[in-house]
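According to Swiss-Prot:
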| type | residues | note |
| --- | --- | --- |
| ACT_SITE | E410 | active site, proton donor |
| BINDING | H25, H259, R356, S383, H460, D468, R519 | substrate binding site |
| BINDING | H65, G113, P114, L115, G155, N184, H259, F436 | thiamine diphosphate binding site |
| BINDING | D154, N184, I186 | Mg(2+) binding site |
| SITE | H25 | site 'Important for catalytic activity' |
| SITE | H259 | site 'Important for catalytic activity' |
Amino acid sequence: MDRKHLANAIRALSMDGVQKANSGHPGAPMGMADIAEVLWRGHLNHNPSNPEWADRDRFVLSNGHGSMLIYSLLHLSGYELSIDDLKNFRQLHSKTPGHPEYGYAPGIETTTGPLGQGITNAVGMAMAEKALAAQFNKEGHDIVDHFTYVFMGDGCLMEGISHEACSLAGTLGLGKLIAFWDDNGISIDGHVEGWFSDDTPKRFEAYGWHVIPAVDGHNAEAINAAIEAAKADPRPTLICTKTIIGFGSPNKSGSHDCHGAPLGAEEIAATRKELGWEHGPFEIPQEVYAEWSAKEAGAAKEAAWNEKFAAYEAAYPELAAEFKRRVNGELPAQWEEKANQIIADLQANPANIASRKASQNALEAFGKMLPEFMGGSADLAPSNLTMWSGSKSLEASDFSGNYIHYGVREFGMTAIMNGIALHGGFVPYGATFLMFMEYARNAMRMAALMKVQNIQVYTHDSIGLGEDGPTHQPVEQIASLRLTPNMSTWRPCDQVESAVAWKLAIERKDGPSALIFSRQNLAQQERTAEQVADIAKGGYILKDSDGKPELILIATGSEVELAVKAAEQLTAEGKKVRVVSMPATDAFDKQDAAYRESVLPSDVTARIAIEAGITDFWYKYVGFDGRIIGMTTFGESAPADQLFEMFGFTVENVVNTAKELLA
């Protein structure tokens, strides 16, 4: 059957889906249909009957607005995505949302739409493939051996994150990464030469990529030859495909008119005629389905891999068991009891250290049990303290390590980590100063949206970092992280809470965790075994009064010590004061009503929250009658102790505020 005819099935489904939804983007799917046909029918190793097959090739549609392209491909190839699912494009509770979303349609490897993040996730997937291969493959046993393919448009390349990711991909020599640039010269505003005149091939050559320029994106032979050349090269490859947006539309192709709106009934009829597609809306002939189906070939490919894995298992039983455990995302045997023992030992051996140092100690203790750790930092390892004795850096020539030097690329780092998590086999953690999570915010939001594990270590968490001043002092960042749905945010007060936060982040497979640590030393608090167990609840009674409290002090992180000292003074003066440490408000909010009431009794309305961050967040815990000692402005450049005094983080101020409140 004519290959153009098979590609036209994508074009027909794409324009029909967008038309029925009365919204969407037909241009990119119609322009990239020929490339997709060659890649998916000739090269992509996948099994529609098992989208989770560990050694499948990964395909990422970075220009996610062209989602009807991937939905059409999944449907035609034989995934569980019906023609009715395609008719439900962009409708409530459908498997085909406006942008591809991980966890909806089978075969969607990542959520894309925010441009540039798909290619960055793909870099993470390719890094995971290369690292897993280095850790598990043995001579004659290549059980990890797959490619990561990406489609991306001009918008992805204009986004700064594409520079961060593609630069690192070149440095690390990710030869199994193959990207197709949909060079159609059109964006929403029109022809891109007015705002995007980069020499893209030279840009990627400068990154150390293999670049194949000027490929006719509508010529199957040229596309196929480019893919063959890409697969044979040890460098990551950019295939520059010249395409016509909206290919086949007589009056709208080649213009921004077909980028982000339905073609309209008349134009669709004219396009069908132009393409020689004689079938009605959403109608695909059986013989076209037969040519497209990847079920038989995919099952055979997976069966062949299963045979390879059985031979590997016979030769290396322990490694094979470990591979299965890691790919399934399971924690090692006895994880729970060993981790709890580590935490108990910390409580029994007090240390007044910075929580960033406590974090490093937790990495040291837990890292020995977790070969799946893949750490990193955005060029701040000596400050974030993210390296431990078992850390080994990844290098282009040796990927057997477990630590990535991301360079100063916070956004790239975080989105790469999403790709590593999506690929499987690793528990990724990365780090920067809390202030610079701002650069990475959208990638953390994507982790929360996709429900993937992404552990961020954010150090230097307040005005407590001192002299570097307000450019580096976070104020509103902690609150903004807490406000993000499905984000777990921890601000521990000492080494014990820090270790608990790490343990829970490692166990949390259905969303990201932000672990927030101090630069300055923090005093360790006394606790019973029951109190240690209650840390996991996110908020607990750390110090209590004799009898019912008349005042509750709620604090996090570096301010817990302050709350305890103020409570001691108030208690000495005859006041009944309870101190609540609340390292994770999201965890506390998930506790049942009885527990929350036991910690914060509703009839005790005299409450003060103390945190060196924005004040507004805390009203939900102290009420309108309560008080908040926090930040209402940006910080200043000065030694930390002077700043804490200036902004009211003193025992004297807490005591005076309490007396005013109780009066």
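Numbers run from 1 along the shown chain.
Keep in mind that glycine also has a Cβ here, set from the backbone N, Cα and C atoms.
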Response to the item:
When the binding-site residues L115, I186 are compared by other Cβ atoms within 10 Å, fewest goes to L115
Worksheet item: Considering only the recorded positions D154, E410, F436, which residue has the minimal Cα-Cα separation from R356 (substrate binding site)?
Response: F436
Discussion item. Taking 10 A as the limit, how many CB atoms besides its own sit near the CB of G155 (thiamine diphosphate binding site)?
Written reply: 20
Item to complete: Would you mind listing, in sequence order, the residues at least six apart from H65 (thiamine diphosphate binding site) in the same chain with a Cβ closer than 8 Å to its Cβ?
Response: G24, H25, A28, G98, H99, G113, G260
Worksheet item: Is any of the recorded positions D154, S383, E410 within 10 Å of N184 (thiamine diphosphate binding site) (Cα-Cα), and if so, which, in sequence order?
Response: D154
Discussion item. Tell me the coarse DSSP state (helix, strand, coil) of H25 (substrate binding site).
Written reply: coil
Worksheet item: Given G155 (thiamine diphosphate binding site) and D468 (substrate binding site), what distance in Å do their CA atoms have, once rounded to a whole number?
Response: 35
Worksheet entry | Rounded to the nearest Å - Cα separation of P114 (thiamine diphosphate binding site) and D154 (Mg(2+) binding site) | 13
Response to the item:
Quick note, R519 (substrate binding site): same-chain residues at least 6 apart with CB under 8 Å of its CB -> A354, R356, T459, H460, D461, G464, L465, G466, A640
Worksheet item: Between the recorded positions H259, E410, D468, which lies closest to D154 (Mg(2+) binding site), Cα to Cα?
Response: H259
Item to complete: Report, in whole Å, the straight Cα-to-Cα distance of H259 (substrate binding site) from E410 (active site, proton donor).
Response: 31
Practice prompt. Mind checking which of N184, S383 has the fewest other CB atoms within 10 A of its CB? They're the binding-site residues.
Written response: S383
Worksheet, complete the sentence: For D468 (substrate binding site) and F436 (thiamine diphosphate binding site), the CA-to-CA distance in whole Å is 13
Worksheet entry | Distance [Cα-Cα, Å, rounded] between S383 (substrate binding site) and F436 (thiamine diphosphate binding site) | 13
